[in-house]
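Let me begin by presenting the structure, written as structure tokens, before commenting on it.
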Amino acid sequence: MKAVALTRFLIEAQRERGQLAPDLRLLIEIVARACKSISHAIGKGELGGVLGSAGSTNVQGEAQKKLDVLSNEIFLDANEWGGHLAALASEEMDDPHLIPHRYPKGNYLLVFDPLDGSSNIDVNVSVGTIFSVLRCPEGITEPNAEHFLQPGVKQVAAGYTVYGPSTLLILTLGDGVHQFTLDRELGSFVLTKRNLRIAEDTSEFAINMSNQRHWEPPVQRYIDELVAGKTGPRERDFNMRWVASMVADVHRIMTRGGIFMYPLDAKTRDKGGKLRLMYEANPMAMLVEQAGGAASTGRQRILDLAPAALHQRVPVILGSRNEVERVVSYHRSYDQQS
Ligand code: P6P
């Protein structure tokens with residue numbers, strides 16, 4: 001297959017579908033370029049002097065790694081001048097970042113987690129970037145946090161990168177999910193898989209088992225059945241993986257199926273969950289649904305949620321459709337009995 005670089009893919013998507021507006025194409029290219037810079041910084045590891053803690057905390061109250069701060073700055077520097085954005089919002093910033101008056105403004109809002117799974121950085125485990133693109137409401141030139149609070153179905157594009165043995169960009173523009181691999185010699189992302197599909201069934205689950213005693217009964221029931229394997233009602237054995245980098249766990253599911261769960265539990269109930277809706281759950285839910293999977297809180301389709309706050313947290317259950325639907329049915333039965 002002739003190597004198709006991201007630029008060509010986007011130009012052909014723009015020509016064929018006519019739905020890819022020129023400034024959205026530019027936005028995707030600039031985000032990809034920012035991710036290349038992050039990949040380069042991460043690849044240096046200790047040699048780059050960017051590992052370890054930044055000595056600061058983010059809006060989540062989490063200690064920031066130097067690379068969290070650097071990745072966020074790379075995104076801001078890359079996206080400010082292009083004229084395609086009205087504002088950006090990030091896990092690492094309390095409030096949205098407006099485009100400086102010296103630059104033109106565009107029609108899109110970019111919301112992102114610049115370095116997801118960064119607690120894994122210091123132990124050299126895959127991490128990544130997650131991004132989501134929304135339209136800026138008509139006539140709004142100085143958007144505030146409220147203008148970002150759109151349900152996930154309003155996303156016009158979503159993607160993630162995995163900084164692993166190779167650097168991958170997984171992208172959807174609303175018409176399937178496609179994989180690009182970074183060719184470091186060319187300096188380009190090259191199309192390596194079209195139309196990723198998630199198998200509807202799976203025998204592999206991803207959850208942090210150390211939280212087991214904190215889960216709600218329907219999740220307890222579901223996981224107990226998986227662990228019981230052949231000796232239980234599922235009548236087959238299951239395998240478990242937990243990388244603790246959402247991008248790595250989700251990419252495994254995009255590649256070979258599986259179910260990923262960060263459910264509501266007693267530890268995170270008061271916050272609404274662990275993972276963030278706007279720049280983790282929503283973009284991953286769009287990608288998973290575009291690949292034939294499902295994404296739910298256990299009680300609601302994630303993409304239908306009406307956001308109440310920029311850094312809102314939600315429970316996340318996503319992946320192989322038949323398994324997600326089973327977990328949802330267990331929640332429904334439990335709620336009906338309660
Ligand atoms: P735990 C990383 O900090 C993250 O936000 C996700 O990438 C990951 O799935 C989850 O948290 C890991 O959480 O509680 O297992 O450390």
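Placed from the backbone N, Cα and C atoms, the Cβ positions cover glycine too.
The domain 'Fructose-1-6-bisphosphatase class I N-terminal' annotation in TrEMBL covers 5-193. Here TrEMBL flags Glu91, Asp113, Leu115 as Mg(2+) 1 binding site. According to TrEMBL, the feature Mg(2+) 2 binding site maps to Asp113, Asp116, Glu280. The substrate binding site annotation in TrEMBL covers Asp116, Gly117, Ser118, Ser119, Asn208, Lys274. Residues or ranges marked as domain 'Fructose-1-6-bisphosphatase class 1 C-terminal' by TrEMBL: 198-331.
Positions of the features from TrEMBL, shown on the structure.
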| residue | record | DSSP class |
| --- | --- | --- |
| Glu91 | Mg(2+) 1 binding site | coil |
| Asp113 | Mg(2+) 1 binding site | strand |
| Ser118 | substrate binding site | helix |
| Asn208 | substrate binding site | coil |
| Lys274 | substrate binding site | coil |
| Glu280 | Mg(2+) 2 binding site | helix |
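Between the binding-site residues Ser118, Ser119, Asn208, Ser118 has the most other Cβ atoms inside 10 Å of its own Cβ, all protein chains included.
Listed in sequence order, the binding-site residues among Glu91, Asp116, Gly117, Ser118, Asn208 whose CB lies under 6 angstroms from an atom of ligand 1 come out as Asp116, Gly117, Asn208. With Glu91 (Mg(2+) 1 binding site) as the anchor, the candidate binding-site residues are Gly117, Ser118, Ser119, Asn208, Glu280, and the one with the nearest CA is Glu280. The closest partner of Asp113 (Mg(2+) 1 binding site) among the binding-site residues, by CA position, is Glu280; the full candidate set was Ser119, Asn208, Lys274, Glu280.
The CA atom of Leu115 (Mg(2+) 1 binding site) is located 20 Å away from the CA atom of Asn208 (substrate binding site). Of the chain residues outside the Mg(2+) 2 site list Asp113, Asp116, Glu280, Glu91, Phe112, Gly117, Gly128, Thr129, Ile130, Tyr160, Met246, Val247, Leu275, Arg276, Tyr279 have their Cβ within 8 Å of the site's Cβ mean position. The Cβ of Asp113 (Mg(2+) 1 binding site) has 27 neighbouring Cβ atoms from other residues within 10 Å, across all protein chains displayed.
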